[in-house]
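Written below as structure tokens is the structure these notes are about.
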Amino acid sequence: MEDERKDGAYGTPQKYDPTFKGPIYNRGCTDVICCVLLLLAIVGYVAVGIIAWTHGDPRKVIYPTDSRGEFCGQKGTKNANKPFLFYFNIVKCASPLVLLEFQCPTPQICVEKCPDRYLTYLNARGSRDFEYYKQFCVPDFQTNKGVVEVLRDGDCPAVLIPSKPLAQRCFPAIHAHKGVLMVGNETTYEDGHGSRKNITELVEGAKKANGVLEARQLAMRIFEDYTVSWYWIVIGLVIAMVLSLLFIILLRFLAGIMVWVMIIMVILVLGYGIFHCYMEYARLRGEAGSDISLVDLGFQTDLRVYLHLRQTWMAFMIILSILEVIIILLLIFLRKRILIAIALIKEASRAVGYVMCSMLYPLVTFFLLCLCIAYWASTAVFLSTSNEAVYKIFDDETCPLVGKTCKPEIFPSSNESRLCPKARCQFAFYGGESGYHQALLGLQIFNVFMFFWLANFVLALGQVTLAGAFASYYWALRKPDDLPAFPLFSAFSRALRYHTGSLAFGALILAIVQIIRVMLEYLDQRLKAAENKFAKFLMTCLKCCFWCLEKFIKFLNRNAYIMIAIYGTNFCTSARNAFFLLMRNIIRVAVLDKVTDFLFLLGKLLIVGSVGILAFFFFTHRIRIVQDTAPPLNYYWVPILTVIVGSYLIAHGFFSVYGMCVDTLFLCFLEDLERNDGSAERPYFMSSSLKKLLNKTNKKLAES
């Protein structure tokens, strides 16, 4: 069982090359065509960004828009001092028309501040409150109109409700009083036609229009918590960084102990499970109804019923016994491979120690990814806001012209206005019918595709850089004396100078699969309302297949990048050689993958759990650090969750470097076994612990 398949369907082992001493320095450019394609795509991406920035207007996202398509609170406009949008009848925002037109079918105007009192138009007219009321009417409101004409033409709202601003929009200030939903101090309101309605209708309309109205207050409190606790949050993240580095260093000494303790614990837990199942099986002997079979009982919604059957515990005991036997047999036959995996993990810890600057490289990847995300997001916003204002006809009553486009300048004297006297020409959304507007969907898809391509390219660049640095460590015969002066910088420069095309090739394949998955998700959302079960089944199968394909391509790309970093071959050759090399050693691959997955999971749980518990005790004032104590907070979970999420990201960044190191050393180890035999001419480059495990020696070193 020591040797894997050496030939056959998975190629032939690597032959000895006397000139090979690690990552090749004299190499040429690879996959030049893909490099040119990437450069052309980037030029086109920049052109799309320029076009979007020329036509787009982010104010359409930042500022609310009134019924005439004018921005509220925008400097340089007549509404500069009116930052809030006021709805004449917020109840109509709950209309299904909102889902189609993305606009409430009620007049909307920009106001300086939201109404702070309950007032009807009938009560306000002819009183001193009328001056206050007029600021919530349309700008060209004529006071000589009658009450019925004003309400019919939508010049003023029928009623003012005490409101609060949320996202620069006025929503009713709803609260509960003795279990009754209220707006201000009122439980009813008058609709302007003499009838009074229960405020619950208004409440439900407001809730449907904007959801929870306390979100603004919640956001302000969270922001206050960040302003007073950011210093301690940074300290918590620094602690997570130190613990991550310490854990990687300790793996050099404790990797074997942690792996074997984990294996023993799994065996003991399964053993206890078998014992517990047997005790429950014996306890139920003789109880009424316990001998009923699972088939006779059938499906029950209350799963606890099955725990009263002896057959259930017998099934559990058999399953756990089978798992126990499988694990024990695997330990017997794969013990040496587990030892090899542990030795490689320890060796990776040494390599990281000698190439310590590799721990800082995730910051470079993070910075480049932030640039990609920022460009994609800004381009998407500008593209989505590069439409023109579209006005449509709205009417509270039945009108055949509802939804038709119109022009507000000529609508009052148009035929549409005569056919539907109560109709209004109101701003609906931003769109257009020009060629550019029709191509917006394609430009958005191209924007997403380029984001995937560039993001995958950045990740690929990081993987090749780290692989080149750690391969230099492995192929140094006398470690660390033969290690290059700046292995990380050398690997980075080689990757950019010679292999930009290969990285672009691998990233392109992955981006194509990812954009297909995005389209499948979009189609799945569109087909959710369909009753075609075959279409849903087919969509589920396609999503599953492309998910598996993406995972496989990521695995293949990762190992192909390692071969590119070492040999400087093109992407296809590197992918083929890496795949065949791994398939010739498939059992070792499986064992190493599971062992490293366990250690990384354990490390992340320890780091995140330790820092999270420390943050919990500190921010809940249960412990003090020297003389300082936690600041007073509105929500103590805000800094705690921030520290936990930040700690996980930091640990993931450190372990991603460590994982790349393990994978690189593993491929180098397999190459070393196939290339060399331990003779003076062909010495092994592996560490002494690995040679001892495999009973290998270098004759030259042994003689000396």
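In case you wondered, yes, glycine gets a Cβ from its N, Cα and C as well.
Taken straight from TrEMBL:
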type: TRANSMEM; residues: 32-53; note: transmembrane segment
type: TRANSMEM; residues: 230-250; note: transmembrane segment
type: TRANSMEM; residues: 257-275; note: transmembrane segment
type: TRANSMEM; residues: 313-334; note: transmembrane segment
type: TRANSMEM; residues: 354-377; note: transmembrane segment
type: TRANSMEM; residues: 450-477; note: transmembrane segment
type: TRANSMEM; residues: 498-520; note: transmembrane segment
type: TRANSMEM; residues: 560-583; note: transmembrane segment
type: TRANSMEM; residues: 595-619; note: transmembrane segment
type: TRANSMEM; residues: 635-655; note: transmembrane segment
Taking 32-53, 257-275, 313-334, 450-477 as candidates, which has the most Cβ pairs under 8 Å with the transmembrane segment (354-377)?
450-477
Under 8 Å, at least 3 Cβ pairs, sequence separation 6 or more: does that hold for the transmembrane segment (560-583) versus the transmembrane segment (450-477)?
yes
Can the transmembrane segment (450-477) be said to touch the transmembrane segment (32-53) if we require at least 3 CB pairs below 8 Å and skip pairs under 6 apart in sequence?
yes
Relative to the transmembrane segment (230-250), which of 32-53, 257-275, 498-520, 635-655 accounts for the most Cβ pairs at distances under 8 Å?
635-655
Could you name the stretch, out of 257-275, 498-520, 635-655, with the greatest number of CB pairs under 8 A to the transmembrane segment (32-53)?
498-520
